[in-house]
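This report concerns only the one structure given below.
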Amino acid sequence: MARRKNFKKGNKKTFGARDDSRAQKNWSELVKENEKWEKYYKTLALFPEDQWEEFKKTCQAPLPLTFRITGSRKHAGEVLNLFKERHLPNLTNVEFEGEKIKAPVELPWYPDHLAWQLDVPKTVIRKNEQFAKTQRFLVVENAVGNISRQEAVSMIPPIVLEVKPHHTVLDMCAAPGSKTAQLIEALHKDTDEPSGFVVANDADARRSHMLVHQLKRLNSANLMVVNHDAQFFPRIRLHGNSNNKNDVLKFDRILCDVPCSGDGTMRKNVNVWKDWNTQAGLGLHAVQLNILNRGLHLLKNNGRLVYSTCSLNPIENEAVVAEALRKWGDKIRLVNCDDKLPGLIRSKGVSKWPVYDRNLTEKTKGDEGTLDSFFSPSEEEASKFNLQNCMRVYPHQQNTGGFFITVFEKVEDSTEAATEKLSSETPALESEGPQTKKIKVEEVQKKERLPRDANEEPFVFVDPQHEALKVCWDFYGIDNIFDRNTCLVRNATGEPTRVVYTVCPALKDVIQANDDRLKIIYSGVKLFVSQRSDIECSWRIQSESLPIMKHHMKSNRIVEANLEMLKHLLIESFPNFDDIRSKNIDNDFVEKMTKLSSGCAFIDVSRNDPAKENLFLPVWKGNKCINLMVCKEDTHELLYRIFGIDANAKATPSAEEKEKEKETTESPAETTTGTSTEAPSAAN
């Protein structure tokens with residue numbers, strides 16, 4: 001008799017929840033007023049005066065919850081329809097305690113209708129059953145990477161960057177990773193095996209590891225996470241031991257979402273109200289400029305760079321952009337994006353702004369404590385710079401946070417000419433390390449010790465003729481189109497002992513040529529995981545690599561299954577073949593599966609609907625039983641999306657329902673491999 005899957009809720013987190021109970025408790029108590037902030041932004045006159053009260057009132061209101069559906073997943077349309085058909089009707093015309101609740105709305109400017117906004121108080125989500133069901137849906141889909149919670153305005157920079165599958169992409173200040181996830185999605189648009197890759201960098205070691213946690217959900221072999229100060233991001237060699245200046249990686253696309261004062265986030269970061277002052281923007285200006293200039297150095301000819309902040313302060317925005325244009329001259333230009341993102345209400349960049357010190361005393365160029373780059377460009381410069389091509393998004397325009405976005409295009413790759421123009425206000429950007437100016441980000445990095453596992457385990461590529469790999473190639477019928485030179489391990493011996501990873505071919509070259517200069521935190525997806533040694537092949541294919549490997553395997557370990565069989569495997573653990581046969585669920589499946597030798601195998605499930613993708617999932621086949629190798633989160637998601645079963649609402653099975661399986665040991669065990677038997681599912 002099979003065991004029922006354990007649907008215990010455990011320590012399930014709510015969608016987007018964080019341990020900030022005190023902050024939530026004090027939300028209503030905090031005075032959302034700041035006299036200096038109000039005086040400063042009124043003086044700037046960034047929008048018509050009659051909009052001020054609406055702007056301020058919006059800034060004082062909580063930020064709506066927004067989420068987007070992962071566009072690179074083939075079942076994105078299915079997840080969207082699931083939300084629109086099963087949830088949206090129940091969230092429309094809802095009343096709570098005598099008050100009509102706003103229905104979810106689509107973000108009109110986000111491509112393919114994949115982003116939505118819920119402007120609903122948390123008390124409603126907690127107490128209203130329909131909204132609670134939707135929250136459970138969001139929790140499950142978020143856990144498996146089908147959706148991401150992300151502030152609406154934060155979604156803009158990756159879209160206007162226009163990443164294609166063949167691009168090399170650098171995210172200079174990537175944590176916590178929501179924008180990086182968009183870049184990866186764009187890279188994988190319409191292909192499981194893009195030729196490009198994304199390098200995600202953050203200056204803080206701990207935030208780099210948080211970044212890995214966020215991005216692992218996407219299962220991309222085309223991602224590398226590194227830990228460097230963005231101001232001094234190192235040159236990446238294309239080939240090892242090369243001193244040729246032309247043998248340096250230049251990126252097609254670069255995202256510069258720089259550290260900023262964050263005064264556009266005061267709807268969610270309420271402490272901005274009490275902490276805000278002009279000094280924050282003034283103090284970060286040089287750092288922001290250094291990062292932007294470094295990014296422009298790393299940008300390929302005809303490449304595109306997006307500079308963005310979650311600040312509304314011109315000192316952090318147009319002033320930085322203007323100084324870069326001043327330094328680089330006609331080697332770069334600003335891209336007009338007026339025809340992009342139709343439906344997004346935005347304002348143009350400004351060309352004039354005053355400069356104030358901490359006490360709101362206006363300063364002039366040359367005053368002590370100021371940089372010339374703080375100040376507005378001359379009329380002649382302004383006519384050339386086209387700062388109106390910058391984009392400003394104000395909270396009251398579409399019920400969002402505040403944001404600033406600028407798109408640069410590199411017209412001519414002339415690093416030396418631009419370097420000569422750089423003033424002493426910025427460090428020598430072509431240097432390989434921080435030799436001049438010390439900054440706060442660097443100080444934080446020094447204080448925070450790198451986690452013990454960071455960079456202690458090297459990336460060692462394995463000879464494709466290694467005996468362990470040869471067994472895998474033969475057992476699974478891996479074709480020669482798959483690049484077998486991309487397999488690596490993370491141990492000093494270089495021997496495949498527990499896990500073998502794979503990276504895309506382009507990243508393999510980068511890793512090998514830069515092991516002495518890149519602080520690599522993470523790269524690759526698990527390909528093979530070691531299991532029992534007493535079977536024909538002791539390695540199973542980890543399902544996070546299935547989107548790649550399904551294109552390169554022969555059909556000798558693949559068995560077709562019907563939907564009823566899938567449902568049975570999702571609900572029951574280790575069902576016995578005789579039990580499946582007696583229930584007449586899928587006799588053809590049982591007949592074919594029992595003929596296979598023990599070990600890893602795969603099921604191909606047809607949905608019988610051209611609008612819905614088929615499923616390709618891993619199983620462990622024993623002598624007498626079988627087990628579906630997907631994690632709890634994927635199990636819940638598949639049950640709900642395909643069969644309408646809300647597993648999160650199930651009660652925990654009683655002890656009487658659980659029966660010991662004789663062949664439980666036939667399934668790979670966590671104690672023998674050091675890695676969970678459960679892994680994300682893949683689809684074809």
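Positions of Cβ are set from backbone N, Cα and C atoms, glycine also.
Remember, predicted model here, so these are calculated numbers, not experimental data.
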TODO: Taking Swiss-Prot at its word that Cys173, Ala174, Ala175, Pro176, Gly177, Ser178, Lys179, Asp202, Asp257 bind S-adenosyl-L-methionine, choose the one of Asp190, Asp229, Asp275 listed for that site.
DONE: Asp229
Open item on the list: By the record in Swiss-Prot, which of Ser21, Ser72, Ser431 is the one labelled phosphoserine?
Closed with: Ser431
Open item on the list: In Swiss-Prot, one of 1-24, 433-456, 577-600 is tagged region 'Disordered'. Which stretch would that be?
Closed with: 1-24
TODO: Give the three-state DSSP assignment (helix, strand or coil) for Cys310 (active site, nucleophile).
DONE: coil
TODO: Count the Cβ atoms, other than its own, that fall within 10 Å of the Cβ of Cys310 (active site, nucleophile), considering every protein chain shown.
DONE: 24
